[in-house]
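Student: Per TrEMBL, the feature coiled coil maps to 449-478. The compositional bias 'Polar residues' annotation in TrEMBL covers 1260-1299. TrEMBL lists 35-255, 538-814, 860-1109 with the feature domain 'Ion transport'. Residues or ranges marked as region 'Disordered' by TrEMBL: 1257-1321. Look at TrEMBL and you will find 36-57, 157-179, 226-250, 532-556, 576-595, 607-625, 668-691, 785-808, 894-914, 926-944, 988-1010, 1075-1099 tagged as transmembrane segment.
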């Protein structure tokens, strides 16, 4: 803080905020701040919670105010009051009240002090007592951090709670005003009743009853309006409002961008650390003494291959050596610092002179080289600027927008220039402010790039070192311990039998996707089937089939068809045990059991395999004939039901799903603790308020417990067809039952256990309306607040918290939660690119004939919209029932459907004419349209020939099939369909996992509850008598439909059932503890975890397809444009093109994917070379080119994760090196060609001079013709008698190659009229040209003078597309 001193100045003084300001002695203050004191207080809170949870109902006659629980509460209240007073004494009242935690503690102190007053005991003040459990959150730092993460930024969640409460109040007031006048409707007579009804609709529990009662009361006239009112409110409350809670919780769990990157780096470091250490089962060999063994070398040193060294590494090494040499020159000892004698001074002076001379020569050479480089660069920049001005691309004109490929390429180049650029530049004093700002920003960018590179290199080196250390440790153990990596310490490491077992265990289907010679991609038709076959090994495929067959055999078992007494079912057991014995023996002999690197028991999956095998083996050897209920034999039969879980171990994708779920067990456990804490608070409060008050006599006429004795008659309803004879005084059939004073059948609050079970059922939003009604009717209306508050906190916040944590945890373990915004966009882009396919649309016919007109009509947007409207109009016909008996209505509807079908036949015909049958068949959508249209034609024939109920049914089915064609005619519908399809594809293994868990629970349910007597919800349709019916019941429980009532039916105990102690299939009783564990665990695992994983996948795919254009790296229009260009290049519609056509495709791209050859020639060369090296020059697919463009269009430093970033940067560095090598190789070839061309030209010029001298001599001897010039090309071409025509034609071909020459260049319009040169050849303009001028232009002196400029010009031209041959291909475009 700032403090004013005596002189009037201000000083910054450090203040200890945590320093106590109370008046207590120092010893008490130190005791209060010690960890021992805090642990003592928390332990006392825990004891208080345990004592409060032990409270139970003891009866009406017991004095509850002065029992042991009351005395314990008084003692704990006094203790915590003394704690608060001690803290106030030590910290001062201001220091104490400044903490929010102390405010909460003071509130509890005041409330609990009032609660121990006898008249207020067991009243609403009990809330303060049970809220002490919240203080136990301080015990676990992880739990405290988690609670702060969720509820710390409580502004969003608090605002949403206030909004929900306000919405309920407003809608309750509106409903009260709308329905308070309706007679025979008591749900909206008062505001509390209206509030409870609207809250019930919000929770979706029994909201149909509220709506139905209101519709019946208001009458038929206003029923539609009332129904719309309730439905809209229900949709808004359930689909939007509850989703907002999940969204807010997910937003609170979201990490910052910087924290995400930090956690990515930490996770990579953690992975490196875990890879460095060997598992404990292998490190145990380090405890034994070393016993190295002699080995025999099977190879000579000359047989080993020499590793390849990259040239970039060698260059860095050479540069480093040069720097070291220069540093050595600087560090040479001087004469003044030497301590030698006089006899050695002369040698030292000579060395000093040589040193100075070397330094001068080196510095002069460096200065000269730097000066030449600077002059050359300035010259090139001026030439480029002049060329831009001449071409019209100066600043006065609007510049063309650069593509994203160009932008990202320049970003990469700038980053690499900063990384490899000179850091020793100094800022001169004469620089302007703008230049200084640019230099500062460049320095900052350089430092950031350097820091990122250092972090990435450090992690990469750490991973490599970890892998190397792990390998070294394994090799040392393998060398020094003879029993290391020996299965069962018996089979040798390289034994033939072990190699044979390895071959069997690791054999799998491996279809070659590429040609082993050329590396080209094979376009296999059944590649998806090949991928499925290669998913696991052959041995695992056999075991998957055997496990499935065994599960099918178990489905035929029931309490009346037991495997112990049916030999046919025992065959499946024997087959499973035999095959699994063979599998485990092979894997143990190949990989070892436990103390080997690839042991069978190296993770939880291996333990589960051994456990399932042992259970199956013990059961098969035992096969008990008598299985008593709740015995060890029945437990063994239940453990046998875990057999379907073997598929989790056999299928890698299933293991991945299970791993992702189990990794987030910590967060799920923390959420469960919070929910259990909430339930414990409300359960303790409910026990103290409602214990013993919910009981009632089964005779509704009896109101007091004293009068509830004897028997009474209860009437029953029976069918009239029974014709029962009743007595004179009996109006209805019935029977006599004893009067019983008892709690409700499904719940009570007599102890904390029953209260928590009731609240758990309420937490699932099942049965809470019944609990509310019972509490209001038997205790009082004011106590209805209790259950409403719990439902709101537990369901609106608790369950949505559970949903949000499961989704966030799944995304985090999957790797998507830690992704930054750019990385998330990149992952979405990759997912969209995997789904994208080439357009199956044939090109427009070239001629402008009838087919071309049909093509234009069928591809017009209005034509497509018209067809979509017709499809909707035909679907509207199904709004009226098609009944054969009502021909006046059904026949016109069928006739209209026939007319629509003929229109669709016309559409298909037009498309077949426009696209040709082969082109029409390329699209799957067209195939589906053709199939539906063919079914429609068949229906028309059958309809007019038969005209019965089956033809009408077929017509309705055709209309339904036709309706699905509209999904592909609109972008939004297509995206929605893709979301559903991709979600189903990605969640396939999760759905399979859910079914396997459901199958295990179904088998266990048959063993536990197969003979339970029928009750309220267990009946002849819903029971556990067979595995099929059990699966049906469990599917019903997945939806949450009355699962708690089914659980209570399975808890039936004597005297309400008939027990049997010897055979479980002879009793009709249930299992109380078994039903509690069975149903609660199933509901939590399936309904709370697995279903929420499906929600997470759907949310991920929804954001994938419905992201805005600003959030997409490549928009839908970019992908559509690429599909169109690919469709133009891939004329055969095979999905692959040769590598030579990639450059045509890249040049045809426009918009954001355009590559400007004038500005980004180097980028173009890199992209072409990347496609060439992808499959060793073979064909490339649609996704290959699209993937390359996607990588080039993003900033890989921001969008890619660490592993992918390292691989991509290594690939781009390799491409740059190879392109540079090709450029240098091409330059050398052209230099050689130019030298050879010069030599050839010199010889030809000498020969031509000799010929001209001979002609002059002959003309001198034979006058009068004297010619000093050579005839022109036209003259020589038209004069057949000219003897020098062959020589001059050769000279012309040498000096002026035509376009037919493969080495020729295209001649620009700006260069007409002046000679052009390529590879040492001159192209002469048209007209007369003298040999003298040719000789002058080809003078070697001029060549020597212009060699530097030619080299410079060549370097400015080297950013071309390809070699000479590729240039000709580009011309052909």
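Yeah, the Cβs are placed from backbone N, Cα and C, and that goes for glycine too.
Burial and contacts for the listed features, if you can.
Tutor: In the predicted model, residues of the coiled coil (449-478) average a pLDDT of 73.
Sequence-distant contacts of the transmembrane segment (157-179) (same chain, at least 6 residues past either end, Cβ-Cβ under 8 Å): 150-151, 185, 187-188, 190-191, 194-195, 197-199, 202, 214, 217-218, 229, 233, 237, 241, 244-245, 248-249, 252, 796-797.
Listed by sequence, the residues of this chain that lie at least six past the ends of the transmembrane segment (532-556) yet keep a Cβ under 8 A from its Cβ atoms are 504-511, 563, 569, 571-573, 575-576, 579-580, 583, 586-587, 641, 643-644, 646-647, 650-653, 999, 1003, 1026-1028.
With a cut-off of 8 Å between Cβ atoms, the residues of this chain six or more beyond the transmembrane segment (576-595) that come close are 281-282, 284-285, 483-489, 491, 497-498, 501-502, 504-506, 539, 542-543, 546-547, 549-550, 601-602, 609-610, 612-613, 616-617, 620, 643.
For the transmembrane segment (607-625), the residues of the chain that approach it from at least six positions outside its boundaries are 563-565, 570, 573-574, 576-577, 580-581, 584, 600-601, 633, 636-637, 639-640, 642-643, 645-646, 648-649, judged by C-beta separation under 8 angstroms.
Same-chain neighbours of the transmembrane segment (785-808): 150, 157, 161, 164, 196, 199, 203, 242, 245-246, 249-250, 253-254, 664, 667-668, 670-671, 674-675, 678-679, 682, 685-686, 689, 759, 762-763, 765, 768, 771-772, 775, 817, 1088-1089, 1092-1093, 1095-1096, 1099, counting only residues six or more beyond its ends whose CB sits under 8 Å from a CB of the stretch.
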Student: May I ask for the residues of the chain that lie six or more residues beyond the transmembrane segment (1075-1099) and have a Cβ under 8 Å from a Cβ within it?
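Tutor: Distal contacts: 661, 668, 757, 760, 764, 799, 802-803, 806-807, 810-811, 979, 983, 986-987, 990-991, 993-994, 997-998, 1001, 1004-1005, 1008-1009, 1034, 1037-1038, 1040, 1043-1044, 1046-1047, 1050-1051.
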Student: Any residues 6+ beyond the ends of the transmembrane segment (988-1010) with a Cβ under 8 Å from its own?
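Tutor: Counting only partners 6 or more residues beyond its ends, the transmembrane segment (988-1010) has Cβ contacts under 8 Å with 551, 554, 557-559, 634, 637-638, 640-645, 647-648, 651, 653-654, 656-658, 1018, 1023-1027, 1030-1031, 1033-1035, 1038, 1050, 1064-1065, 1070-1071, 1074-1075, 1078, 1082, 1085-1086, 1090, 1093-1094, 1097.
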